[in-house]
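Undergrad: Can you keep this structure in mind? I'll have questions shortly.
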């Protein structure tokens, strides 16, 4: 434990008793938070283990950790659940003393996982024998079964235990496990019929629906969707994140087989589960005289005679299957669901139930069947766990996994029972802790100092005292004939408990208190804090009665499990059964007796947050749990006298280096040596006490100062040892190396001289060959110049690799020696082809299309049109319309063209000149695969549509102007005469047209100073072309001709 004290500022202390201010709850929480942040989830309070749920898997439970903690002193290694389990096992095997491990904490704190780790360690540390392996398998496999039937998803925990469990693992005198026994407490059976939002029913229901094969589901008349069943869908959360219910069902079935529960018994279990599921889907309504009736009257002929109404075929089918599953007479069950039998002295009265009462009776039946089935299952597991060999002397290790203190927004009967249980265990915990401390002080001969602590016996008496306690008052109200209800129960408590300091209610409180307690609530001041309980449903839950008729129906069932759990003796017995609270009180008293008879160990589980998120530590939530787990109370008891105690041998072995008289070999016995040591360390008279076998240190500060001094001393000792050891090693090495050097030097000198002579001879030969090759370098390749030319070629190629052109456009190429000229030419040609090929492969499709259009434009216009040179540097685009022009163009023209199956390839604004008068008009030129369109620029209406067959040619000048004359046959009746256009992007537009119609000869170039064009009826028009004027453009001349001014 002392080994990590020097890093306590970062990771905290491993034992809370070493806190400087042990009464400070803030320091307690900060220490927990430090350790949780470093993923150190375990901390001690003396022999008590505090565990913080990390909400993720940590690599600290493998076989290596099992071996690490096996047979090791409790404080030798960091805190761990394996350390606590190993200590209990060694006490059990060595001293033959019964042990028990008490695991407590609220839902989601990791109690179930802690109990699994305890069983894992037990199984891993026992001998490997075939008979033992069977026992160990049964102990481990009981967990999946109990989790499936007793655990459920809640808003706080995806695998919350909804029952208390005490398991005895039985050992023989050799320390090997021989069997086990399980006791269950207070199953939360109300969950069978109701779940809060975000929660779900017990796991087994969903596992059955998800994992059973189709044949089994058909036999049980079930479907896979849980949302079809009332009892399974109320929480609106039928799935658990990260959990495969189908796979879990397989694990449960395998575990049941390991526990020797065969297929017949499993089928009976599943039949009862399906009965409960179907019971939830029975619907009741109010009939004549407010009598309950089933909404499906034609279930069987008996029901049809008793109830009138319409037939619901679907529910009839449900009931037919239901009776078949339950295997009891249909008329008896239907009658039991609708009526109740009341015995008054010698009279027996059958009374019909109202709708609400029938619903309650149905739910009571479901809860009772599940509770008794669960009890049967536990008993069946116990039968399987029972030792096959009679053991005369057996010892046990008990594991108690019990619910922690609960404080909800609304607390009811279940919370009262759970908190009462925690009060009793806290009382036992403090008593046993005090007793353990007193025993140790007595053994060591140290005077015991009385400890002041809160004794919660007053609260236990408030709940359990005969004739005066809450349970007794509640039981009396349940026996009162007439109108006894939850309100009268509260009134009676107000009357009998009005003077009790730990009881408050609305009637008893002052004005300030009345604002925080409703009229139907009462408040108990528990050791863990105030809890307000709502009395609604207290008497009903305490009575926990099942009507005689329903018991009778269950007794008549042929299901083997119901035969075991519903017996005819219940009907014959006139004794009123014990109430739920009395039963729980009795079982709790038996549990306390069991725990007192054993040597206890404790695991206190804490959850760091409510959202199940790793790494999140919420101080408020943890503080609340620390309070109700009584950890501060336990720490005060543990620290009442001395914070630290250690056997003399262990203390001396660790700290003997701090005193010259005890280092390195202490003189005398360990106790006297320790006395010498503490005198040297100048401990105060009240700082420590010497027991028979241990030293007791009162304050953590004293231990911390000792540990800090030891850490500094370790550095000094390490330096001294290192210096001495290094000196010895270096002297040895020096002598060995010196002798070797003397021998090696002579050999090396000879070797070096010989190698130098060989190298010179070789160099002379190489130089001679090189000079000879240089002289004959221009001769054909021969043996004389072969190496020289090879050298020249190599260096030429190496130089060439660094001077290669980086681009296909770079035509430069390095010079080459004469002997490499031919290769140089071939390499240049091959490299340039490769560069060009690589360049072409990397061209994007859009860029490639541009090049194709540019090549086509060159073929058509180069040397034919002066304006061609100006278009070379500009990329062609497929639309020259502005943003404002594109709006109407697309909404009017493009939609119409698309509807005809055409696609617009190119569009641009042009000017069109009338054939008569040459009036200028704004138009849009649009090109498709089959035609050229001219549109009115104002409304985008089609003015001309010319297919490529309608165009006989397109005439342009070879000057630098924008004139286009589209030649149309004279006999064309739609377009009378040639079209005269001015286009600013003439090269681009005509290239698109030529590319689309695939006719290069459609373009005709004119170099004359005038052109003629056709007007209607064969009349010609004249276009005059002038050059070199100050103004360029197209306009009508004074002579009536169209004038084109070209630059």
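Placed from the backbone N, Cα and C atoms, the Cβ positions cover glycine too.
For 105, 106, 107, 108, 109, 110, 111, 112, the entry in TrEMBL reads ATP binding site. The feature domain 'Myosin motor' is assigned by TrEMBL to 12-711. Residues annotated as domain 'TH1' in TrEMBL: 865-1047. The annotation region 'Actin-binding' is assigned in TrEMBL to 588-610.
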Undergrad: Report the DSSP secondary-structure composition of the region 'Actin-binding' (588-610) as helix, strand and coil residue counts.
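TA: So the counts come to 9 helix, 8 strand, 6 coil.
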Undergrad: 10 Å Cβ neighbour count around residue 109 (ATP binding site)?
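TA: By my count, 24.
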Undergrad: Say we define neighbours as other CB atoms within 10 Å of the CB. Which of the binding-site residues 105, 110 has the fewest?
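TA: Checked 105, 110; of these binding-site residues, fewest Cβ neighbours within 10 Å: 110.
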Undergrad: Around residue 107 (ATP binding site), which residues of its chain at least 6 apart sit with Cβ under 8 Å of its Cβ?
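TA: Once residues fewer than 6 apart are set aside, residue 107 (ATP binding site) is near 154, 156, 157, 160, 161, 403, 404, 406.
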Undergrad: In the same chain, outside 105, 106, 107, 108, 109, 110, 111, 112, whose C-beta lies within 8 angstroms of the Cβ mean position for the ATP site?
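TA: Other same-chain residues with Cβ inside the cutoff are 53, 157, 160, 161, 404, 605, 607.
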Undergrad: Given the binding-site residues 106, 111, which one is most crowded in terms of C-beta atoms within 10 angstroms?
TA: 111
Undergrad: When you measure from the Cβ of residue 108 (ATP binding site), which residues in the chain that are at least 6 apart have a Cβ under 8 Å away?
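TA: For residue 108 (ATP binding site), the qualifying residues are 53, 154, 156, 157, 160, 607, 610, 612.
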